[in-house]
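First the structure, in the form of structure tokens, and then the observations on it.
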Ligand SMILES: [K+]
Ligand SMILES: [K+]
């Protein structure tokens, strides 16, 4: 039997925290005499009530969570959190609950696909709530990635468990301490990003919002034209902090503590990330320059921005890259799968999985030429054993199966090949925009049918939780236990 | 140092065999007083001369082929064979050598993408040569798959090596004997298919050609409208023999010898193949019926035909499925990757790899729920060890990398997202047609730039040779040896 009480209790805790964060947009609306005070207040009251009931019925003297409870809890927290956090969108913008839930799930998973338009004139409380959702989702994901996923051993994350536990042997931080350190670094970087945006000419409000959605690689903006609305300096600032948001946070913490970045430079995953950014940017820049789409300086800035935006799965828009011609479109299509480093806020398959795959491919080729040779396979100075390969394969398989099923649902409800495919990919990878006019960087998801929006909401959540965390819940064996 | 002499010798042997097969279209042209006699005669003379020189310079007393020689030889035979077999197309149809080479490589790899139109009025010698290329390519591939690839251990084929060697322990056939048995079964089935087509109302010439391109899952036709040109009975006959062409030939041989099909029914891969065909057909039929595209009986026939045609990578056209709406298009997009059984003439990833992946996924999910449990992974009553998983991963990775690079080249030379992607997929999977108007079932590849055609030719060959057989040649380590 599953032990439900602790699940109630922890979900209640999370709801009460979410309700606390709702005070920010409520107070903003109150003090600027803008729309939203009543609606946020109502949501807060509902949130505190639900949280009180859950905490009450879930209270037990002692509890222990087994693996199955952990899986269920991880999914439940995001599903119920979104169900609650969607209320203000519905109440203020008078949108359907489907749309509100989509927008919330997209925010909290840092996907950043939106059904809203008219952002430039939208109540500040709504915009602020969207940004807060992404910011919370970002740090929630990092903490989950460091503290919970390695424990559940989903998707080859054990590789990082050993890494972090070895590191923690020296410095002995417990999980709570680690979460606290992550929060500090995340806050400091957000504040730096905020000042950068201020300096680039953004208003106070724009800078706060974009700082939150940049570090979390979320990609929500306060303008329909996203980053095209802002100065070149803002683009450089965004590129820098999206890049930082794509780095493994444990390494950033280490760098902050030791006042040294050498661990970052030497990390195989970071190096791979940097190489991928540079090579892709070079290709796209050359292509744009060759076709005289932009002058060279602009081509570099715009290419770098878009490449980082897609690889880190931020999804900010700056000049619609799906209108740059077929070659650029195809490169971005493939980059949508990539993702930045594990342990960052970014989604996607992530660099380390490609690197492990590459070492495997190298080993296999050597093996073909020298059938009796012994070729050890290493990654980041660590042996890659068969258990890691297997969980990596399981991850990538379930990743593509999720894309396949999501795309099939979208197609069955009338979307064409490009929308179905890139809509599914962008959701599972938590990128945000797809390709093409409809859902590309200059479009939005409003026109899709409700069924497609729910399918995409599930896909975003599955992508965020490394797929298998959610998939196990669909197995009858899980519930028989 | 690589030992080149035996490579010359064996290539010479293959060229002389190809030249012998050219007598068929030459005699056909001669006796029907049709175009082509001179051109085929010239090609034959050139072929015999080249073959004579290669045999002369390659003659050695004894030879032994190492692994590296085997890899080089396998690729070389197909490349040089195509270079020679392309001559008649160039001479008769006055097409560029690029187009002729593309058409030949497409034929001999049983891909079936074409640059030709006006097939209905084309000289019979040319049509016959196209069909012969596919028929030879089909049996060449089966023999290679049974005799050479397991020896080279490419793409997890060891799984079948053990299987076939165990089987051969009882019946002690040597490779030559096995090749002979394959040829017999292949011939018998081709003849049955021929009579089926005759009975369905095809002319003698149409029946011969389509029999050769059906069994080989090649898909070349004698009409621009492909199978739409023929009767419903012809479609059922095609479905049956494409299906048989997608079965493992070793099992067919076994069935012929034992006069029993129970080994076929019990084979995990065959069962998977049948399930995939039935489920896909049901989905497409329902979709077509729902949208009133066809009456139910027609919907069943046309769906089944197209599903088998794409899964077995035959690629015959019958009513352009890319015009059936988004859902059908997407299903076919995914089926283009599938492929039928290993050891058949079909291309693609192949059923057994998906099944092994599925058993892995199942095992991993169980492992997530019971971290300390021990879950053995079996396939076809055989243990799946880590070496098989690794070579399977290497295959699928290199498969997608080849698609990625090919698609990028197509896009760089101006093709749009759908053409680039489906063009690359259809080539690597040896299916034939892509999706969309240009290269879909009712289009052809003539309008693509030369660079794209060469890229596709390489992709078709790589797909046919299970990718890694060709990839190793690109490694400097291969040549340093
Ligand atoms: K995003
Ligand atoms: K084919």
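Glycine too: its Cβ is placed from the backbone N, Cα and C atoms.
In TrEMBL, annotation is done automatically, which means it is predicted and not curated.
Keep in mind that this is a model prediction, so the values were computed, not measured.
Annotated by TrEMBL as transmembrane segment, the relevant range among A:211-233, A:234-256, A:349-371 is A:234-256. TrEMBL tags one of the stretches A:323-343, A:428-448 as transmembrane segment, and that stretch is A:323-343. Annotated by TrEMBL as transmembrane segment, the relevant range among A:158-177, A:178-197 is A:178-197. According to TrEMBL, the feature transmembrane segment maps to residues A:392-413, out of the candidate ranges A:106-127, A:392-413.
Sequence-distant contacts of the transmembrane segment (A:268-290), counting only residues of its own chain at least 6 positions beyond either end whose CB sits under 8 Å from a CB of the stretch, comprise 243, 246-248, 251, 296, 299-300, 302-304, 306-308, 311, 324-325, 327-328, 331, 335, 338, 340-342, 351-352, 354-355, 379-380. Across A:7-28, A:40-58, A:392-413, the stretch most heavily in contact with the transmembrane segment (A:70-92), judged by Cβ pairs under 8 Å, is A:7-28.
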